[in-house]
Structures are given as C-alpha cells and as structure tokens.
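What TrEMBL annotates here:
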type     : residues  : note
TRANSMEM : B:6-28    : transmembrane segment
TRANSMEM : B:35-55   : transmembrane segment
TRANSMEM : B:61-85   : transmembrane segment
TRANSMEM : B:97-116  : transmembrane segment
TRANSMEM : B:141-160 : transmembrane segment
TRANSMEM : B:189-208 : transmembrane segment
TRANSMEM : B:266-284 : transmembrane segment
C-alpha cells in the first residue's frame, strides 16, 4: 500500500517486482532440490500471508484461525483427488467456494451480533479448533491417520496439477506472483480504498455511506477463499494431509508470521517476511534436531516476533523502504532493494 | 445410574473450580489492562512443572507446591509486565496478540528445551486416595485442588473488593485516565495485576499437577480452555470466570460420559461458538471492549 502513486516510483516498483520474480524464476531453474523445496514453502506462505494480510492489513479484521480455511482447501483437494480421482483444479475451486462460504458465515454470524475486535479473533480460533477436532475424528477424511496422495509418476500433468518438485516450485511462484499482483490491484481499486477506510475508522466509513457489514463479509470471504487455494496447493506439495498440522494453531501462527515480520498491509511484506522467517525456522529446527534440543525453533520464532514488534513495529519491508529513501534517491534505492530481497 | 451421573457432575464441578481460577487470572489481566494474555496456558504449565518438581525433589504436599507456584509465578508475571508487556499495553490489539503469541512460543520452546517433550506424571501421595460421600466417590487430589481454588477465588474476590490496593486496581480497570489523574501508580498496578493473573494460572497448574501429566504441549489446550471459559462468562468479569469454569468443567465431564473423547475436546469450542453468537459478551461481559 503506497501513499503516493507518482510515476517514477511506479516504474521502479514494477522494475523491482519483475527483477524479484526473474531472480526467483532463475532460482527455480538452477537451485538444488533442498533450496527448491524450501523456497516452495516460502512462496506458498507468501501467498497465504497475502491472504491473511488482505483480512487484517487491508480489511482490519484479525484472524488467528486462518488454518481453518487453509485446511478446508487442503481437504477439498485431498478428498476429491485421493478418494475419487477428481482433478485438483476442481478441488481447488471447491475448496475456495467452501472456505469462502464458511468465512462469510463466520463473518455474518459475528458481525450480525456485533462481535468484533478481540472477540472476533477468538471466534476464528474457536472455529478453527472446532473444525480441527471434527476432522481428527472423521474417518471418511482419514481422521488422525491423514490422507496421502499417490507419489507423482514423474511426468508433469497440468490437467491434474501433478508433477515434480520443480513443477510445484513454479506453481507456488505463480501463486505468489498472483497474490502480489492481486493485492496491488485490490489495494488500488475502489474496494481497496473502501476497506482501508473501514479499517481505519469504521464509524466514519459508515457515515460516508459504506455498507461496512457487507464489505467486512466480502473481505473475509475473499481472504478465506484465497487461503483455501493456498492450502490446496500446500497439500499437493506436501503429499499428505494431517488435521493437526494443516488445521492446528501452529499453522495459523505460521501464516501470520510472514506478513507481521515483513510488514502489515504492504504488498511485498509477506514475501520479505516469509523469506526471512521460514528459512530461519528450518535452520533452527535442523539445528535443534542435530543438537537434540527440541523447541529451539519455537524460541527463535518467539524472539523474532517480539523483537520485530518491539523494534520495527511496521515490519521489515517499510523499514527497508525508509532506509533506502534515507540513503539514496528512489531509483537506485529500488534496485538496491531487489538485491536485498534476493539474498 | 444416578450415582454415575452424580459422580460425573461432582468431578466436573471440582475441575470447573480450578478452570475458574485459571480463567480468573486471564480475566483480571484483561479487565484491568485490556490485554489478552495469549501465553496464559504456558503459565498454567509452568505451574504444573513447579508442582511436579517440588513434589519430586522435596516430597511436599501439593498445597505447599501451590504456595511456591504462587510466589514464583507472581514474581514472574510482575517482571514480565515490567520488562516486556508494559511497552505494548497501548498498542492496537493485534500487535499485543502477536507479542503474546511470540511470548507463548518462547515459553513453550523454553519448556521443551528444559524438560523435553515427554509427559511427567506427578507422584503425589493423594493420587490414588478417594473420599466417599453417600453415592458420590471423589478423588482426593481433585477435592483438594477444587477446595484450594475455591478458597483462593473467594480470598482474591474479597481482597479486590475491600483492600486499598484492590480498590485502586478496580479504579484502574474502570478508568485508566481517571486513575492517573487521582494519582494512582498505574505502572505498578498493572505489574501487580499481571503478577496476580500469572499467579492464578501457576497455582491452578500446581493444583492439577496430580491430575495432568506435566508436558509442554498442554499449554495450547490450557490457553484455549481459559479463553473459552472467560468468554463463556464474559471477558473482564469476576463472577463470569467462575461461572464459565463451572459450565465448562461440567460440560466436559458430561460430554466425556456421553460422547467419544474427541467430542469432549470439541464441546467447549462448540459451546463458545454458540455463546459468542447469541450472547457476544458472555454471561456477564464488559460493555465495552
């Protein structure tokens, strides 16, 4: 979300965006399998972070139960594909519709009765936990044993969305790009202005004639539907679905770490945040495993979250932007930023 | 049949009193500081570990362990508020939430590093003793935990109602600015409030250590349980926390009897969703959030 849309800045933004994605594309072509699989997760969580960001950063509604929507997407893809052999494309669409309607009904129920702020956040947790427990006990979807996708045969099938790790990397990259372009597009559209107005002051927005009730439902169902799309792809990438990992509190926290660390409400924030946080988490769990210290990654995550809010309350990305503006003029600054992202 | 139901009800009520104490800690912190302590479950688990270690090292009764937990957790909460939470009290809710998620990750990670993931049962002398009252047979550890929790809730209520500090605490809860104007030491009130909240969680944890094995992963469940309890009763309400605890305790016990174990864990959430939808502020919720 940019305060000014002047033309020079506009061009450098595009340039920076294209450079970042060109570099990420090169990574997909050249990097080794470990980096590919790690970066696939980073990009997927960039997309999920965008979806969460849409809800809080632009819509002003805090969700701590995004795992519910992610899980619904994952299960739609999983159940349709594993049980009936139906293409994951159909599963993704089903999941998006399902999660969108669940999101809309949660929003409708709570805003109808003026449940908001912290109570709404708690309601999202309750809904997610309730769903997790239900799915853990539901034999049809594999209960606690989970659902497993057959191992990919090797060939790339676009129609079934199946392929090797590199294929999924590019799927994730496309999703992340879509997320960033979509966020940019939404935040400049009529809806973006309305939602930000609503976020900043709901009563004022309503006084100006914004139907905040409808708009809140819309932003939440849109966020839920996109989260479900991310969840469906996440399930395909992981090759298995377990209720505790795809619908648990842990996933909801993972989803929000990217945007919070990167910068709430910003377009590039979730990407920067995921790039910073997820490899760190992987490194720390690997370190914890090899030193036999379980919980090391939790400690690191906790410290990172607290220090980001403490020292950089609006996240890493706005801090980078400020730094660049302070050091140099805009154009070179933007190039410098894209190099920063590449690291 | 009747005796089975009575037993289930009684054990639900007993555990409900302890849940009430946990919820009371959360509700006091929220009521005064308008901060939702997302790391509350971790504080309960700290209490469980304090119970486990004191009983294991010195073989003392659980009551003594609870007293130690109260002192330790009060100091812990006080310091946590004074060092970290203080800086975030005036921030928007979602920032606070993220800080507390960070704290809860930090605490559960620390517990994992310190004690490992394996469950540790507390070998209390009370573990297998029971008392019989007519049709009802109760497990002594549970009776003791509930009695202590009930007593503490009453004492704390009286303290907040009648003592000078309790009055200033309630004043700060009612109107922070007004409190500042009449010369209340708000930072100290906040730190003590957080200490009391943490102590409630810690004592409850120590009291239930004979009933639950000490394990870091318990924390998430306790946090969510405390939220459910508090919301059922109404965030920021003293009586609400107690009532919520009893409702959840009894509901859980009945669900465990009538449905499968997974339904037992799902029931509080279902209850929460129903209550939030029909009575968003809980039974005795604060008018303003």
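All residue numbers here begin at 1 and follow the chain in the order shown.
A Cβ is built for glycine as well, from the same backbone N, Cα and C atoms used for every other residue.
Computed from a predicted structure; not experimentally measured.
Counted as Cβ pairs under 8 Å, contacts with the transmembrane segment (B:61-85) are highest for B:189-208 among B:6-28, B:35-55, B:97-116, B:141-160, B:189-208. Tallying C-beta pairs under 8 angstroms between the transmembrane segment (B:35-55) and each of B:6-28, B:141-160, B:189-208 places B:189-208 first. Only residues 6 or more beyond the boundaries of the transmembrane segment (B:6-28), in the same chain, are considered here, and those with a CB under 8 A from a CB of the stretch are 36-37, 40, 43-44, 135-139, 142-143, 145-146, 149-150, 152-153, 156, 193, 196-201, 203-204, 207-208, 211, 222, 225-227, 229-230, 233, 235-238, 240-254, 256-257. Sequence-remote contacts of a segment are chain residues at least 6 beyond its ends whose Cβ falls under 8 Å from one of its Cβ atoms, and for the transmembrane segment (B:97-116) they are 35-39, 41-43, 45-46, 49, 80, 84-85, 88, 214, 216-217, 219-220, 223.
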